[in-house]
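Feature list (source: Swiss-Prot):
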| type | residues | note |
| --- | --- | --- |
| ACT_SITE | E156 | active site, proton donor |
| ACT_SITE | E263 | active site, nucleophile |
| BINDING | Y87, N155, Y295 | (1,3-beta-D-glucosyl)n 1 binding site |
| BINDING | E156, D197, R202 | (1,3-beta-D-glucosyl)n 2 binding site |
| DISULFID | C69-C98 | disulfide bond |
| DISULFID | C211-C350 | disulfide bond |
| DISULFID | C235-C266 | disulfide bond |
| DISULFID | C374-C427 | disulfide bond |
| DISULFID | C383-C449 | disulfide bond |
| DISULFID | C402-C409 | disulfide bond |
| CARBOHYD | N34 | N-linked glycosylation site |
| CARBOHYD | N68 | N-linked glycosylation site |
| CARBOHYD | N90 | N-linked glycosylation site |
| CARBOHYD | N104 | N-linked glycosylation site |
| CARBOHYD | N146 | N-linked glycosylation site |
| CARBOHYD | N160 | N-linked glycosylation site |
| CARBOHYD | N218 | N-linked glycosylation site |
| CARBOHYD | N284 | N-linked glycosylation site |
| CARBOHYD | N308 | N-linked glycosylation site |
| CARBOHYD | N334 | N-linked glycosylation site |
| CARBOHYD | N354 | N-linked glycosylation site |
| CARBOHYD | N370 | N-linked glycosylation site |
| SIGNAL | 1-19 | signal peptide |
Amino acid sequence: MVSFTKFTLQLLSASAAFAYFEPLTIKGRKFFKNDTQFYIKGVAYQPAVDAEETSTIVDPLAEVNYKNCTEDAKIISNLGANVIRVYAVNASLNHDKCMEAFRNESIYVFLDLANPKTGIDRDTPTWNTDQFSSYQSVIDTFQKYNNTGAFFAGNEVVNNASNAPAVAYVRAAVRDSKNYIKSKKYRTIPVGYAGADIPVVRTELAAYLSCNATKLNNDTNSETDFLGYNMYEWCGHSDFYTSGYAARTQELENFTIPIFLSEFGCNKVTPRVFTEVQAIYSDNMTNVWSGGIVYEYSQEVNDYGLVNVSSTGERVLTTDYNNLKKQWASISPNITYKHSYNPNGTIPECPSRNKTSWAVSANAFPVTPNTTICSNAVKNLKCSANGTPSGSKISQVLSELCYYDNKACSSISSDPYEGTYGNYTGCTGVQQLSIALNAYTQDHGADSCSWGGVGELKA
């Protein structure tokens, strides 16, 4: 009898981790929980990565951090927040207990799909099978939690006009993540993008990610479900107009998807008073904006923390925390109900390309990475990569090889300005190197395979 009771309790405990919690949905430009409009009152929640190793993932939702999650969830809930944003996780770890801790405090998790190793590089952008596989792993791990509120397919990938072409890869990542969720028959989880507040490309970026490109390239389901802006324009006791909030709201007033501040909280004036909260949740902004996420929970070297976490784990609330709590407690934004809401707005036209400020076409997006296609492409090649060269070595050899014979690189080459992407641009760097080496060798003879030992002939 005792054994049965223990077993029953274990089953109840396990099922509690996945107890029903109303997921968020989108209609038009608003988030909803059940029939009631949902305004984001969020906090960025991510400890710093190792200062000496930026590829290290410190996963705040992993089971090893369960005690921290439980305490932090209560502190964040007491603040008045209903969302945390997490920038990187290790999908191979267990997250049940931490997700339950936040669910128990009615807190949703908005999660970046990328990590320091798999994010889209703004200067040398790719969207390949390794990256897509990593995104899929995060989706697989977190789709089962009903308090997984949304996924970000990228964060500040574009930060000036010169790297605007990288946004094509973001749109491809959005498309493939959404289609993967659909193909696996998971519940619909919104996939969007968090952008830097960069004046020179701000309007083009928003239009490009949300425009209906089907009529241009027949690429369906690639529109971003929402847009976030990392915006620090309001500092101290600013106001709606001086801060730039009025101008940003006007720029986005006709968009048809939810838009929110994916980061806010300027610290040029300290302690932070968060008077912008009154504007964000006021009638001036709520027709366009769905709230915002304050940067950030724990105090780090950049001095944005709401909570000081000591070396012994003690949590000490800062003046910033108390100021934000008072501001959030004082707001009462108008609520829209889903059943009676008739969305308005206009889906933007895809922005026209130009060589100076927006060198990216919407006529085509990068191909969907496909492991089978890539594996088959490198089978039985006469010349292929020798082992696993480093990323820098691959870039060096491909740069030289493609310079001497661009035809050998046609199937692995991309041109976002022209909207052209080779069939194997979604393959890994090593696979692309093998494909190019083999094509070059076919035209220039077996002696051209080596490239200093990077390539090798196969018997």
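Note that Cβ sites are derived from N, Cα and C of the backbone, with glycine treated the same way.
Annotated features, which come from Swiss-Prot, shown on the structure.
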residue: N34; record: N-linked glycosylation site; DSSP class: coil
residue: N90; record: N-linked glycosylation site; DSSP class: coil
residue: C98; record: disulfide bond; DSSP class: helix
residue: N160; record: N-linked glycosylation site; DSSP class: coil
residue: D197; record: (1,3-beta-D-glucosyl)n 2 binding site; DSSP class: coil
residue: R202; record: (1,3-beta-D-glucosyl)n 2 binding site; DSSP class: helix
residue: N218; record: N-linked glycosylation site; DSSP class: coil
residue: C266; record: disulfide bond; DSSP class: coil
residue: N284; record: N-linked glycosylation site; DSSP class: coil
residue: N354; record: N-linked glycosylation site; DSSP class: strand
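For the disulfide-bonded residues C98, C266, C374, C383, the ranking by surrounding Cβ atoms (within 10 Å, all protein chains) places C98 first.
For N90 (N-linked glycosylation site), the spatially nearest entry among the recorded positions C211, N334, N354, C374, C449 is C374, judged by CA separation. DSSP gives C69 (disulfide bond) a helix state. Taking Cα separation as the measure, C266 (disulfide bond) is nearest to D197 of the recorded positions C69, N155, D197. Looking only at Cα atoms, C69 (disulfide bond) sits nearest to Y295 among the recorded positions N155, E156, R202, E263, Y295. Summary: among the glycosylation sites (N218, N284, N334), the fewest other C-beta atoms within 10 A of the C-beta are counted at N218.
Just so you know, of the recorded positions N34, N68, N155, the Cβ with the fewest other Cβ atoms around it within 10 Å is the one at N34. The full span of the recorded (1,3-beta-D-glucosyl)n 2 binding residues, E156, D197, R202, taken as their largest Cα to Cα distance, is 11 Å.
Look at N370 (N-linked glycosylation site): DSSP puts it in coil. Take the Cα of N308 (N-linked glycosylation site) and measure to each of the recorded positions Y87, C235, N334, C350, C402: the nearest one is Y87. Of the recorded residues, N370 (N-linked glycosylation site) and Y295 ((1,3-beta-D-glucosyl)n 1 binding site) place their C-alpha atoms 36 Å from one another. Note on proximity: among N218, N354, C402, C409, C449, the recorded positions of the record, the Cα nearest C374 (disulfide bond) is that of C409. Taking a C-beta cut-off of under 8 angstroms and a sequence separation of 6 or more, D197 ((1,3-beta-D-glucosyl)n 2 binding site) has the following same-chain neighbours: Y229, N230, M231, Y232, E233, R248. DSSP assigns C383 (disulfide bond) to a strand.
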